[in-house]
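Written below as structure tokens is the structure these notes are about.
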Amino acid sequence: MTATKQHKKVILVGDGAVGSSYAFALVNQGIAQELGIIEIPALFDKAVGDAEDLSHALAFTSPKKIYAATYADCADADLVVITAGAPQKPGETRLDLVGKNLAINKSIVTQVVESGFNGIFLVAANPVDVLTYSTWKFSGFPKERVIGSGTSLDSARFRQALADKIGVDARSVHAYIMGEHGDSEFAVWSHANVAGVQLEQWLQENRDIDEQGLVDLFISVRDAAYSIINKKGATYYGIAVALARITKAILDDENAVLPLSVYQEGQYGDVKDVFIGQPAIVGAHGIVRPVNIPLNDAELQKMQASAEQLKDIIDEAWKNPEFQEASKN
């Protein structure tokens, strides 16, 4: 996609709770001029209905072409967003979904690429780091044009939780969750700050929360999805807005720094050949470059452990001949 292109087209694959919430966020925020929604044949009518329903909001926002799409419609899209996959059930971890969702991902990516698509993939289906890797493998695309939502939602949860504790606007809190979007993620406490004031210094001066409180805060952030799933069955609003933010950064060529699932080539020691959550600059051509926050020793160990866990799962999954044969990278 060129930064000057005026008509920007997004294809959404998966019209479930996350996908439909993302579509609504795009309409509500006036992002893109065209949105196609792909669903499996049994749910095609739902995609038709959602497209019609969403179109009724356009008089309040901005013009947009919205329709139930097929894979052929991906050919001239700027961005294909994959939310389709088996949902995470109560008691399941994101990594429990690997087997089911790898097969779904292979089918989707193969059909998108066969359409002649030459844009950017944005992956949100879980486990997102593993499925971002598989999207890269199945597509044969450059790593810069395959992006996962990564720890974008986790970092937003982290910032909001800190903001609530210390009584400031979350937009004034600058802090990241890195690693897997899942149980092995970690907080980068060493670089967390409030309006440029290091969090440690802020807490010394204001005493809003003690050390145990910080531990509890991180656990609540890490386990937020489990809490929500147990209460309402799924999470979708937060990730939908996170995806809309990433979409805007790509379509508007913002060169924004966002925490995403990006390919690792030794930025953090032995962390290689895996997609994992870290800040990166993203624009019209995908990932411009990772932003390599200098981690302290404890954080680096957590990053490496998180990556090793993901790598073990990927290596095990790729023993399946079906996935090996489909790999183009």
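Using the three backbone atoms N, Cα and C, a Cβ is placed for every residue, glycine included.
The feature active site, proton acceptor is assigned by Swiss-Prot to His181, with sequence analysis given as support. Here Swiss-Prot flags Val18, Glu39, Lys46, Tyr71, Gly85, Ala86, Ser107, Ala124, Ala125, Asn126, Ser149 as NAD(+) binding site, drawing on sequence analysis. Sequence annotations record features per position, and here Swiss-Prot assigns substrate binding site to Gln88, Arg94, Asn126, Pro127, Val128, Asp129, Asp154, Ser155, Ala156, Arg157, Thr235 based on sequence analysis. The beta-D-fructose 1,6-bisphosphate binding site annotation in Swiss-Prot covers Arg159, His174 and is backed by sequence analysis. Annotation comment: Swiss-Prot describes Tyr226 as phosphotyrosine, evidence class sequence analysis.
Among the binding-site residues listed (Asn126, Val128, His174, Thr235), Thr235 has its Cα nearest to the Cα of Lys46 (NAD(+) binding site). Mapped onto three states, the DSSP output places His174 (beta-D-fructose 1,6-bisphosphate binding site) in strand. Within 10 Å of Thr235 (substrate binding site), counting CA to CA, the binding-site residues Ser107, Ala125, His174 contribute nothing. For the pair Ser107 (NAD(+) binding site) and Val128 (substrate binding site), the Cα-Cα distance reads 16 Å.
Of all the recorded positions in the list Asn126, Ala156, His174, Tyr226, the shortest Cα-Cα distance to Gly85 (NAD(+) binding site) is found for Asn126. The most crowded of the binding-site residues listed here (Gln88, Ser107, Asn126, Thr235) is Asn126, judged by how many other CB atoms sit within 10 Å of its own CB. Proximity to Gln88 (substrate binding site), defined by a C-alpha to C-alpha distance within 10 angstroms, is shown by none of the recorded positions Val18, Ser149, Arg159, His174, His181. Take Val18, Glu39, Lys46, Tyr71, Gly85, Ala86, Ser107, Ala124, Ala125, Asn126, Ser149, the residues named in the record as contacts for NAD(+): the widest Cα to Cα gap among them comes to 25 Å. On the backbone, the CA of Asn126 (substrate binding site) and the CA of His181 (active site, proton acceptor) stand 9 Å apart.
According to DSSP, Ser107 (NAD(+) binding site) is assigned to a helical segment. For the recorded positions Lys46, Arg159, His174, His181, the largest tally of other C-beta atoms within 10 A is found at His181. If you measure from the Cα atom of the residue listed as 'active site, proton acceptor' to that of the residue listed as 'phosphotyrosine', you get 13 Å. With the fewest other Cβ atoms inside 10 Å of its Cβ, the least crowded of the recorded positions Val18, Gly85, Ala125, Ser149, Tyr226 in this structure is Tyr226.
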